[in-house]
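Participant: Can you keep this structure in mind? I'll have questions shortly.
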Amino acid sequence: MYSVLKQSIRPRLLATHNQFRTMITAQAVLYTQHGEPKDVLFTQSFEIDDDNLAPNEVIVKTLGSPINPSDINQIQGVYPSKPAKTTGFGTAEPAAPCGNEGLFEVIKVGSNVSSLEAGDWVIPSHVNFGTWRTHALGNDDDFIKLPNPAQSKANGKPNGLTINQGATISVNPLTAYLMLTHYVKLTPGKDWFIQNGGTSAVGKYASQIGKLLNFNSISVIRDRPNLDEVVASLKELGATQVITEDQNNSKEFGPTIKEWIKQSGGEAKLALNCVGGKSSTGIARKLNNNGLMLTYGGMSFQPVTIPTSLYIFKNFTSAGFWVTELLKNNKELKTSTLNQIIAWYEEGKLTDAKSIETLYDGTKPLHELYQDGVANSKDGKQLITY
């Protein structure tokens, strides 16, 4: 897989052997050295010859690309998966592209490409594609097709994907779905999963998907002044029960949870941990025998500590979950999971986690827009649209 960035400003005509060919000016956000995004990012311009595509090549323009914590960690050099550095963008020294998630629209395909055509929406099929850019050039197998709104409408679907849904589809919703379905068989209508980080994007997707699959769920959240309002909103999304971290860690509240599970006739078989520390200990204790806890984050920056007794007497299992590793060599699993998420979006059964959208209009350098987004990430997920 390879990629080249570009930005659609205006095709430029070049005379070559008495013929004219068009070049598309392109831009991308790169870095040559790891560090803080505010210090190391820059915008690189270059051109793509769109009149001389190889048979399997595809040119796409960006519709939107979000800023994820993993993107920031890659730039800092602390994320296990990193994009390769290259001089293919026209830089004097090797540079790496930023961004892992993004939604693109096909604008031109090579003569051998039959799976895609102009106007199709696509996302990268591989990790480390580099999505903080205006356009990209790749092979047809570098992309997975998503239905654009017109195609959804033509297929009789009540809803088409939004740019936010398409641009953010490959991390959080897939993480939630795969954790709920890929490791433990939960009996619909009976069994339970418990998760901390209930107000996080993955937590909200897990609550919704759990309800769609008829799984019972307990979401653990931090206490807050508007607790009743937040609890009501999470239950409306699909959480069966919502408790606070204090209740999660309270021995006195334990019998209440056991009674919920008993009344359903099932078991608590799965825990989803993105916090760590005593929160992870609390949700692990709620599981029945042979339970599994998947850790996919560590927002508290505290280690996961599990009592030895859970391993010995309850045959407890603790494992990590990293969607990138699971899907990097399994395009079929990624595609089938995407198809399920897309179907729920089209049917209006799944609500996406909203992003704070900023339009790139060329008034400031592209990398500054992403630097602003990184700085504003504390206010919510940032999505740069084009």
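Backbone N, Cα and C atoms are what each Cβ position is placed from, and that goes for glycine too.
Sharing the feature lines straight out of Swiss-Prot:
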| type | residues | note |
| --- | --- | --- |
| ACT_SITE | Tyr79 | active site, proton donor |
| BINDING | Asn172, 199-202, 222-224, 296-299, 321-323, Lys381 | NADP(+) binding site |
| TRANSIT | 1-22 | transit peptide |
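Help me see these features in their spatial surroundings.
Facilitator: Within its own chain, Tyr79 (active site, proton donor) has Ser70, Asn73 as residues 6 or more apart in sequence whose C-beta sits under 8 angstroms from its own. Secondary structure at Tyr79 (active site, proton donor), taken from DSSP and collapsed to helix, strand or coil, is coil.
According to its DSSP assignment, Gly298 (NADP(+) binding site) is coil.
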Participant: In terms of DSSP three-state secondary structure, what is the assignment for Asn172 (NADP(+) binding site)?
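Facilitator: In three-state terms, Asn172 (NADP(+) binding site) counts as helix.
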Participant: For Ser200 (NADP(+) binding site), what is the secondary structure by DSSP, using just helix, strand and coil?
Facilitator: coil
Participant: Fewest neighbouring Cβ atoms within 10 Å: which of the binding-site residues Asn172, Ser200?
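Facilitator: Among the binding-site residues Asn172, Ser200, the sparsest Cβ neighbourhood within 10 Å belongs to Ser200.
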